[in-house]
Amino acid sequence: TGEKPFDCTECGKSFTDLKTLQHHYKIHTGEKPFICAECGKGFNQKTTLLNHSKIHTTEKPFPCTECGKCFTERKTLLNHNKIHTGEKPFICAECGIGFTQKTTLLNHSKIHTTEKPFPCTECGKCFTERKTLLNHNKIHTGEKPFICAECGIGFTQKTTLLNHSKIHTTEKPFPCTECGKCFAEKKTLQNHNKIHTGVKPFTCTDCGKSFTQRTSLQNHVKIHTGEKPFTCTECGKSFSEKKTLREHNKIHTGEKPFTCTYCGKSFSQRISLQNHFKIHTGEKPFSCTECGKCFTIKSTLQSHLKRTHTGEKPFTCTECGKSFTKKKILLKHNKIH
């Protein structure tokens, strides 16, 4: 008949029978009497526990007819199907972004408020979702359970691993509308777009330099603190960034994965290849304000300024004490002795 005579006094929602209302009340009381014996997670209904239990087994009886992926629950399959249909019926009233599930919309809505009810007990950082907090906790525990089968790098989240995996394929489905460059991840494209817009929202409080990404600022700050936590096990040299250490390691392994398409010369670092390219293009974007001489690399300009215009001679002969502006001149001089 459609009659729902049992009303929840907390939220006003109506139900057809008393038993369903009693189950519903547990949402408001927080009562979760049904505990999973495998992982300890609690649920307010027995049926929800039974569905959850399937994740601890290989039982996935609900296959997707589009892509073949299988699911433990019919409800999860129905939500998954929206990926193929493109259906996003739950729209955020603030920004208009659509979502396939109501719960995802509710979690998203918190970014438009200051509500961050899930604090990290280690560092005090707060999060809008419990799931995000749990992922964040892996930073403190060092847990990286998702391992790339290609290169062995570990990740805290499965989604990060899936995005990373694209670097081992040619799949780059996110093109920049400004310059046409393609990216494996949407997030990387969004960061790249800041190059074209000039947006640099992250500013260093020490020197005022601004950056497009928070991670770039965090790495930059180490210049002021002198912090170099990443040490090479081969030669003991330390670095402020893990990425720089990885690049440095290629010196010891002899790996040179970046090859010049003009002349075939190979390099251990991408930036070395980019600088080398300028030899072929003739590009010299760094000009000396003193004499107007141009250079392909910023570091070469900096060396030029110090040695030519300041008279600095940092390379000293240990035999006779004579100093030189360049290392190669010192090496040539050493042959005299």
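Here the Cβ of each residue, glycine as well, is placed from N, Cα and C on the backbone.
Since this is a predicted model, take the numbers as computed values, not measurements.
Feature annotations, reproduced from Swiss-Prot:
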- 6-28: zinc finger (ZN_FING)
- 34-56: zinc finger (ZN_FING)
- 62-84: zinc finger (ZN_FING)
- 90-112: zinc finger (ZN_FING)
- 118-140: zinc finger (ZN_FING)
- 146-168: zinc finger (ZN_FING)
- 174-196: zinc finger (ZN_FING)
- 202-224: zinc finger (ZN_FING)
- 230-252: zinc finger (ZN_FING)
- 258-280: zinc finger (ZN_FING)
- 286-309: zinc finger (ZN_FING)
- 315-337: zinc finger (ZN_FING)
Across the zinc finger (258-280), DSSP labelling yields 11 helix, 4 strand, 8 coil
Sequence-distant residues near the zinc finger (146-168) by C-beta distance (under 8 Å, 6 or more away from its ends) are 135, 138-139, 184-185, 187
The DSSP breakdown of the zinc finger (315-337) into helix, strand and coil residues is 8 helix, 4 strand, 11 coil
Counting only residues at least 6 beyond its ends, the same-chain positions whose CB falls under 8 A of a CB in the zinc finger (202-224) are 191, 194-195, 240-241
Other same-chain positions with a Cβ less than 8 Å from the zinc finger (118-140) and lying at least 6 residues past its termini are 107, 110-111, 156-157
DSSP composition of the zinc finger (90-112), residue counts helix/strand/coil, works out to 11 helix, 4 strand, 8 coil
For the zinc finger (62-84), out of 90-112, 230-252, 315-337, most C-beta pairs under 8 A are with 90-112
Mean per-residue pLDDT in the zinc finger (62-84) works out to 82
The answer for the zinc finger (258-280), taking Cβ pairs under 8 Å and residues 6+ beyond its ends, is 247, 250-251, 296-297
Other same-chain positions with a Cβ less than 8 Å from the zinc finger (174-196) and lying at least 6 residues past its termini are 163, 166-167, 212-213
DSSP assigns the residues of the zinc finger (230-252) as 11 helix, 4 strand, 8 coil
Given the zinc finger (90-112), its same-chain partners at Cβ distance under 8 Å and 6+ residues beyond its ends are 79, 82-83, 128-129, 131
